[in-house]
Each structure stands twice: as structure tokens, then as C-alpha cells.
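Summarising the annotation, Swiss-Prot assigns domain 'UPAR/Ly6' to 26-108. Annotation comment: Swiss-Prot describes Asn43 as N-linked glycosylation site, evidence class sequence analysis. For Asn102, the entry in Swiss-Prot reads GPI-anchor amidated asparagine, with the evidence type similarity to another entry. Feature annotation from Swiss-Prot assigns signal peptide to 1-25.
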Amino acid sequence: MGIQGGSVLFGLLLILAVFCHSGHSLQCYSCPNPTADCKTAVNCSSGFDACLITKAGLRVYNQCWKFEHCTFNEVTTRLKESELTYHCCKKDLCNINEQLENGGTSLSEKTVLLLVTPFLAAAWSLHP
């Protein structure tokens, strides 16, 4: 098998990698009603690529979530809660209560930091 054969083999492997997937779905803790001690693990449906844990007062929500919806506005709207803390993650069974209790940061805090940093850098460079 020369260079051309190697290219064909590489092309076939690439096509297989694109069209085949492991079939593994994300596992999250998910309970139908808010509870502080959710231990029910579920395989998330297709399209749900994140786990969410949310604390609103004494209510704790655990569920599969779309990572693109991991914003404060989306979470408050979908859960119909006005004040809450939340944590989105993309690893199996990562939405445990300790994420919030140990100071897990919300996506919105990280986003604000990422948005503010360039403005601070620009202001610093303009300062005489």
C-alpha cells in the first residue's frame, strides 16, 4: 500500500469517524420535583448536552439541559424562578448539590468576566 492507498484508508477512517458515534449520551441527575437530595440518574435525550443544577430558595432542580440555554435569563424563564443560583456542566453526573455549595460559579459570571476584560484592557491602553 503506497501513498495513495494510505490516503484512501485515511479518507475511509475520516468518513467513519464523522458518520459514526459512540452512542453515549450524557448522564445527569434528574428529579421531576425540586428536591435537595436528587439521586436519580438518567440518560439525557438527544440535544441535551449539559446537566443543570439550580437552587431557588429551598428548591433544588436537577435536570438535563441544553448548554446553549445555560444563561441566567433562560434558566429563570424556563424554571419560572426570579432569584436563583445555577451551575451547568458537561460531564456525567456532574450536577450535584456540592457544585452550588462549594462556590461553583455560574456561566453568567464567567461570561461577564470575559466581556469586561477586553474593555478594561482597552481602557488601560488609552490611559496616558
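Each Cβ is built from the backbone N, Cα and C atoms, and glycine gets one as well.
Are these features on the surface or tucked inside, and what are their neighbours?
Mapped onto DSSP classes, the domain 'UPAR/Ly6' (26-108) shows 17 helix, 25 strand, 41 coil.
Cβ contacts within 10 Å of Asn43 (N-linked glycosylation site), excluding its own Cβ and spanning all protein chains shown: 13.
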